């Protein structure tokens, strides 16, 4: 049979608008807290000065309070916040003049009336200063238009690369088509998407997005060089199997990138998509660059034989700069570009997926 209930030690403090009660009970279970007729009723099982027992108390407040207290239970104590109906300073907590024995001031939170007024004044000044700062920041009249443009851009690119990925997957693995006709069936859509992707450089230049300019330029111009110059100008290259791998790796990467940015425009973060956005590139980017390098190596003999895009200098030098030689230099730049993008994406991955730093108190 349970013994008689006991009163816990209760510490209190106040502000102009609130009352704070700290109940010295640990391991609190089943707290019952209610305010009826301006009287706070408390009852709970917990460990206090008299050991593990049922503790209860009642406090009749000096002035009217709101009937809905806020309770927060921790392992060592229980905190109750009560809102005053009117913002003013009380001379004491209880209606009875003599303070109950179980009740004492909470010196950790205690303020005199003048101190509380100073704190309230500081809060009001901080609020006013914040409003002034916000009012100084010019509002962008085109904010919604920019957001709508970015959403539509990312949506169109996502649909375009999704079409490429699904079409290639169905043709190869379901219909049993060969690698050799990839360019002739996919090139038009890839031309469209990779032409549209030039807008990403413009978006970064005008500050529409916060993406660094150099990684965007390296990726966009590098892909377009492969697509328009190497593949687009040489029919001999268009029927090679390497085209399939280039287009496939490009499209898979974009299946995660564009929907991530599209949702970010409207303030939505889906954690699995975030993880894929900042993880899938780790195998896909090197594989894509490797496929591009194979494409360059295969095209060098063709450019050497045909002399296409070679530059002949005027006499008396009579020297010709072979385009195939420039491709060999580009091959080195290709892997340097991989390093630039890899470093940029690794920093982004640490920022979005790395452990959160704790704020120092």
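Backbone N, Cα and C atoms are what each Cβ position is placed from, and that goes for glycine too.
Taken from TrEMBL as is:
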type     : residues : note
DOMAIN   : 5-94     : domain 'CS'
TRANSMEM : 149-174  : transmembrane segment
TRANSMEM : 243-263  : transmembrane segment
TRANSMEM : 284-303  : transmembrane segment
TRANSMEM : 323-342  : transmembrane segment
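Using a Cβ-Cβ cut-off under 8 Å and counting only residues 6 or more beyond its ends in the same chain, the transmembrane segment (323-342) has close neighbours at 214-215, 218-219, 222, 225, 230, 285-286, 289, 292-293, 296-297, 299-301, 303-304, 307-311. Residues 150-151, 154-155, 157-158, 161-162, 164-165, 168, 172, 179, 182-183, 186, 190, 193, 223, 226, 231, 237, 269-270, 273-274, 276-277, 280-281, 284-285, 287-288, 291-292, 295 of the same chain, all 6+ positions outside the transmembrane segment (243-263), place their C-beta atoms under 8 angstroms from a C-beta of that stretch. Break the domain 'CS' (5-94) down by DSSP state and the numbers are 0 helix, 57 strand, 33 coil.
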